[in-house]
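Noted in TrEMBL for the protein shown:
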type: BINDING; residues: D8, D10, D179; note: Mg(2+) binding site
type: ACT_SITE; residues: D8; note: active site, nucleophile
type: ACT_SITE; residues: D10; note: active site, proton donor
type: BINDING; residues: D19, D99; note: substrate binding site
Amino acid sequence: MKVLLVFDFDNTIIDDNSDTWIVQCAPDKKLPIELQDSYQKGLWTEFMGRVFKYLRDEGVKADELKRAVTSLPFTSGMIELLNFLRMNKDRFDCIIISDSNSIFIDWVLEAAAFHDVFDHVFTNPASFDSSGRLTVKNYHAHSCTRCPKNLCKNTVLGEFIDKQLKKGVRYTQIVYIGDGGNDVCPVTFLKKNDVAMPREGYTLHRTLAKMSQNLEPMESSIVVWSSGVEIISHLQFLTKM
């Protein structure tokens, strides 16, 4: 039986937000004010659709986007962690659940040759249309009131675990590695044996600290990290390596 590692992507695997990073491709490396102001809470994918249309209208080509995305830095210690996981695939299954998009994640994993580390990537599907515009669709529809309209990470994780169970795959525990507000929902559903690993100083860490102060129950243990090397140490401890 293996341990399941669940990764967020932006500000977890990579050390920035791929959607906001792409703004460097815009003229003067910024978006027009009216476009910036068009964002509505919970409708990020729709907002990014307008950003990608603007970039296409300004003549930004796919290879320029790719150059920008593949220049994103990995978070400290993350390359070491992914290499460690590659060498220990007999002990760990790894998935990504991200509110980025399939093309950005593919580009980053392909450029760094880390595709083989991950068993599944769950994210908003993306493609280039005939005019060269990057289009991103919502990953799914769901009924969770805590999450953005296009993605409830807890629903995705639950469905993945159920599918694995049907194939006879059971995990000894889940380790969830993330940073953002949309990681709160899946983390609160982790069980007693599981581990929530929020990145130090980021929204998930601050939210879990607040929940702890308010005595809101959390079944899983919480281990804070700031480098992938610390995650390696904890995985070695968990699996008694």
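A Cβ is built for glycine as well, from the same backbone N, Cα and C atoms used for every other residue.
The separation of D8 (Mg(2+) binding site) from D19 (substrate binding site), Cα to Cα, is 14 Å. The Cβ of D8 (Mg(2+) binding site) has I96, I97, S98, I177, G178, D179, G180, D183 as same-chain neighbours under 8 Å, each 6 or more residues away in sequence. Distance between Cα atoms for D99 (substrate binding site) and D10 (Mg(2+) binding site): 8 Å, as a whole number. Excluding D8, D10, D179 themselves, the residues of that chain whose CB lies within 8 A of the CB mean position for the Mg(2+) site are, in sequence, F9, N11, T12, I13, N17, S98, G178, G180, D183, R199, Y202. Taking the Cβ of D19 (substrate binding site) as centre and 10 Å as the limit, one finds 20 other Cβ atoms among all the protein chains shown. Around the Cβ of D99 (substrate binding site), a 10 Å sphere holds 24 further Cβ atoms from the protein chains shown.
For D179 (Mg(2+) binding site), the Cβ neighbour count at a 10 Å cut-off comes to 23, with all displayed protein chains included.
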